[in-house]
């Protein structure tokens, strides 16, 4: 059933447009919001609701009603998400487009305002030239500290930027966790990222990242809902990955490194969920952004590891593209220059890893070390590395892959100086030019400071192996770096103290003597190698520095280890049984492991089966509980919905009552206020501030108004009378006094006007004379150029004429060539058309001849067919004639046989003439058989005839012989002739003779005509006249016998007839 007319979407839309036309957009928005929020709208067609929503979002944007828009869009999503998703996307896109358009308009308006202010500032009227900066402007500039542009943007652009941000957030909240709206969700997120990047909205970007992160985290919570997203779907996961990569790019552009690191963690989480590997181009962007994040956080170890991963990925991509295993679009574009640059960064980042640990403590603090270990584990997982990177491992990996051959020469030389060569007295001198080259590159300049720390570390490590003590001045002279990276003495001493604190250096500084002593106490730095210490990030694992000899402290620390190794080797050589026992123990261990492997395998399988059963039982129990919980939740939800529905209905009724009452009170108050305002503006002297609106009515207001008007009228009359009298006396005095000064003033004004006229005339005359002199001088000066100008114009005209003639002749030649070519083309075309026409005529003639030949052949075939038909017709006529003759002969035979039977019955002695039987013409034609359709009238049945024959058999024998003797040959021939069978008569099988067979043959021939003719011969019509009866020999015997024939009557069995 359609909704009532007053709430149809079309009527609501029309009403809103009318309200907008009369300047009431707020009322129109309220009408549209009530229509969208109404429950009856759920039954309305989407096609009629869509225009309503488009106008609704437009009004929300114009009035900056973000909350109303959010509520209406939520309602519309619930209505349309199960029927038409496209209309939701259309409305939301329109919402975003309108908000972005408003921001652009606000920016244009702000620019116009700023330009108008800047253009009006120099031309503004200044009252006091000596006080251009008023105290108010100085105070405002001091307190605010803002420029006029900032204030203009804050007043005009910022509100619309806030509204646009709310628009993006509203749309994302509406589209979240809906698989059917997933594409629109990702598109909106990308638009929000561009908004934050374009307007540098760092706070909004943090909130946006947190919002998207919460949506992904809550995806599992809403997985049971209809149209929930499934992160196991590869397409959905790929869209989320694309969004997170864009989020990472924007975070790096805005230099929000914490958000960038969180984005990296989000990407890593999604990559772990993905079943398909990420594209190389995406992973290259991932590692590149990680290098920037780690560099900003001054984590040089993982920064170098990220560069190493990035280089390995580029190398693998180049190999895959070259071998055709992967398309180019899925891999980053790599050139030799890119590989060289990346390899240089890998080696430079690895060299920048500090040798001395950057941790703040050297003690065995378990909590600090555990936190640092967890952090390193997280970072290692982000890089996809099996174990944590180290400085030595990175160098080893670079050397194994031949990276030194690709790096820039100065970086390779820097590596050799720091990691290969041993030159404590010249290390800084050799590295200074390299640092200058690195500092000249803006991208590599950030590595100079960490490299400086590594250089100082190598300097002191190498000095400690050569010297026991050196002067501080000597060290300061060695540690020389190029400007502006010069190391000061305080900086060097601070570095030494930090290295000693971390346990990487064992140095004492004596400021009284200015000597730096390398500690030779064999127990001085024993604590530095405590298991919980963070000393020596790289040196604790592999001594990468070249050593001349071990220090006494190192010898003491490794004494037990060296003793154990030596004793072990000695035992193996002195006592061979020790080695044999170790081998035997190892073999026995292998045998025990092999013997118990089968049992352990069976136990493992049994345990796995038990675990699977327990899992299935737990899953079934969990599913059962979930179903029960869902049932209870559904029932509870239904109850809550019913209660909520009833509560909303009651609240709606109460609101309607309250609204009507408030509306009545409001109208009454408005009327009273309106009358008071009229009274206040129209009548003076009435104090309405003390009047209570609740106790006021219209009669009282009218009386107050009349009284005040009467009072004002009287006061006005008194004032007019007094003022008129005073003005009259003053005006008379003024006029009498001014008569004295009028002539003198007239003379003064006349003289002043004459002087001004003379001055103006002289100035005009002087200006005219001066201009005339200048024009005459200009004429004389330019007259010398006239011959030159005329000559130049003449030469130019001749050149132009020659150029024109040359081009005209060239054009004529080209025209003649084109003309000849055209004539040739036309002739060729005419010849070709003539040949085609002749070929066409020849083809038409051949076709006509073929048609005539076919017509002649068709006529001959038709004549031949007609001749054949004529022959067939003649043959059929002949067959009909023969059949007629046969029918006549047969009829004659039947008539003669009938006559003979009649003669026998009457006892006539005369034998009829022998009838010569005509010879039957043998014809190959066959005719249809004669049908016995008519029964024998008055004839006896075969049972009666058999009974009569049995009774009269003996009596008929003698007369039969006597009768046969005198019969002539003609009679015998007639008797031997086949007796024609009467239609419907029965002949016993024993008495069927050759006549019957001949008749059957003739019937077969008649029944199956010849197939020589094309048309079947027509049947002869059956004669309806009774045929003559044929007399059988038995009947003749009965006729000649003296025994009377048995009367026909009711049928009797044979034994009854014999008994009788």
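Backbone N, Cα and C define each Cβ position, glycine as well.
Automatic prediction, not curation, is the source of TrEMBL annotations.
Residues or ranges marked as domain 'PCI' by TrEMBL: 339-523.
Annotated region 'Disordered' per TrEMBL: 618-665 (among others), in sequence order.
Look at TrEMBL and you will find 618-632 (among others) tagged as compositional bias 'Basic and acidic residues'. Residue counts for the compositional bias 'Basic and acidic residues' (618-632) under DSSP, split into helix (H, G, I), strand (E, B) and coil, are 15 helix, 0 strand, 0 coil.
Marked as compositional bias 'Basic and acidic residues' by TrEMBL: 642-665 (among others).
Away from its own ends, the region 'Disordered' (826-864) comes close to no residue of its chain (no Cβ-Cβ distance under 8 Å at least six residues beyond either end). Residues or ranges marked as region 'Disordered' in TrEMBL: 826-864 (among others).
Look at TrEMBL and you will find 893-1060 (among others) tagged as region 'Disordered'.
Feature annotation from TrEMBL assigns compositional bias 'Basic and acidic residues' to 919-928 (among others).
Per TrEMBL, compositional bias 'Basic and acidic residues' is recorded for 942-953 (among others).
Among the features that TrEMBL reports, compositional bias 'Low complexity' is placed at 954-984.
What TrEMBL records for 1012-1022 (among others) is compositional bias 'Basic and acidic residues'.
Using a Cβ-Cβ cut-off under 8 Å and counting only residues 6 or more beyond its ends in the same chain, the compositional bias 'Basic and acidic residues' (618-632) has no close neighbours at all. Across the compositional bias 'Basic and acidic residues' (642-665), DSSP helix (H, G, I), strand (E, B) and coil residues number 24 helix, 0 strand, 0 coil. Residue counts for the region 'Disordered' (826-864) under DSSP, helix first, then strand, then coil, are 39 helix, 0 strand, 0 coil.
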